[in-house]
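These features come from TrEMBL:
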| type | residues | note |
| --- | --- | --- |
| ACT_SITE | Glu181 | active site, proton acceptor |
| BINDING | Asp45, Asp84, Glu114 | Mg(2+) binding site |
| BINDING | Asp45, Ser46, Asp84, Lys112 | 3-methyl-2-oxobutanoate binding site |
Amino acid sequence: MAGMTISKLAKMKANGDKIASITAYDATFSRLFAACGMDFMLVGDSLGNTIQGEQSTLPVTTEDVAYHTRAVRKGAPEAFVVADMPFMSYATPEQAYQEAAKLMRAGANMVKLEGGDWLLETIGGLVERGVPVCAHLGLLPQSVNVLGGYKVQGREQSAAESTVRQALALQQAGAQLLVLECVPIELGKLITQKLSIPTIGIGAGADCDGQILVMHDMLGLNSNYLPKFVKNFLTETGDIASAVELYVKEVKAGTFPGAEHSFE
Ligand code: KIV
Ligand code: NA
């Protein structure tokens, strides 16, 4: 993944080449992911669950994400690294600028924010100030208490239409990448067709321009609950590097996710 950039990711969409990505939290794994051909990595606030043992992503701070971003950057100097802005770290545009700066200084190439319409001004301001933005629609884990649980989003016609409209608005505001989490296959496909920026799905069907998984999930390290969209790539490979390579291969071939990992 030498020298991956946002323009190369955009070109991949234009060429119909699928984008493979994964969460990363430390230097050892980021080095391995880069060597396995991962197109980009996300220092997700899922580190609240996977690293810190919390019940949600809400306790995570910008300092936590910056700490892990530094480690991921050291393991993969050439990688394209996206860092999550944590819960309530971008409540106002001004706060978002200050917090995003910490993540960019830690080595991120782009920051990710959860939400739609209310973020348009913030996204425009970040991009003008030199901070590339990945948007995130569908299931928003930072809003789990508002949503009343981790549920598939955009099933009703009105919710689906609203998500499409907000995806276009986020792109218009300057977002250069969009994560779609837990939406029906048809909605993932429609948004991917309508947008010129790449869509990265997690539980959003195989028609998205790329896929992302939490590394612990795809290595089967999630002891209790495995979401439907997750596949354990370690069982059929037996070692971590082969599991990661198989994931990349299946994303590139369009064979992961299958219907059994997606929502109708
Ligand atoms: O924090 C995270 O791991 C994420 C991905 C699931 C997209 O936001
Ligand atoms: Na996240």
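Cβ coordinates are placed from backbone N, Cα and C, and glycine is handled just like the others.
The Cβ centroid of Asp45, Ser46, Asp84, Lys112 marks the 3-methyl-2-oxobutanoate site; residues of that chain outside this set whose Cβ lies within 8 Å of it are Thr23, Leu42, Val43, Gly44, Leu47, Thr57, Val60, Val65, Ala83, Met85, Pro86, given in sequence order. Using a 10 Å radius centred on the Cβ of Ser46 (3-methyl-2-oxobutanoate binding site) and all shown protein chains, the other Cβ atoms total 22. Candidate recorded positions: Asp45, Asp84, Glu114, Glu181. Those with a Cβ under 6 Å from ligand 2, in sequence order, are Asp45, Asp84. Pairwise Cα distances among Asp45, Ser46, Asp84, Lys112, the recorded 3-methyl-2-oxobutanoate-binding residues, top out at 12 Å. The Cβ of Lys112 (3-methyl-2-oxobutanoate binding site) lies under 8 Å from the Cβ of Leu42, Val82, Ala83, Asp84, Met85, Val133, Cys134, Ala135, His136, Leu177, Val179, each of which sits 6+ residues away along the same chain.
Taking the Cα atom of each, Ser46 (3-methyl-2-oxobutanoate binding site) and Glu114 (Mg(2+) binding site) are about 13 angstrom apart.
Of the recorded residues, the residue listed as 'active site, proton acceptor' and Glu114 (Mg(2+) binding site) place their C-alpha atoms 10 Å from one another. Counting every protein chain shown, the number of other Cβ atoms lying within 10 Å of the Cβ of Asp84 (Mg(2+) binding site) is 32. Following the DSSP three-state reduction, the secondary structure of the residue listed as 'active site, proton acceptor' is strand. Neighbours of Glu181 (active site, proton acceptor), defined as other CB atoms within 10 A of its CB across all chains, total 22. Take the binding-site residues Asp45, Glu114: by the count of other Cβ atoms within 10 Å of each Cβ, the lowest one is Glu114.
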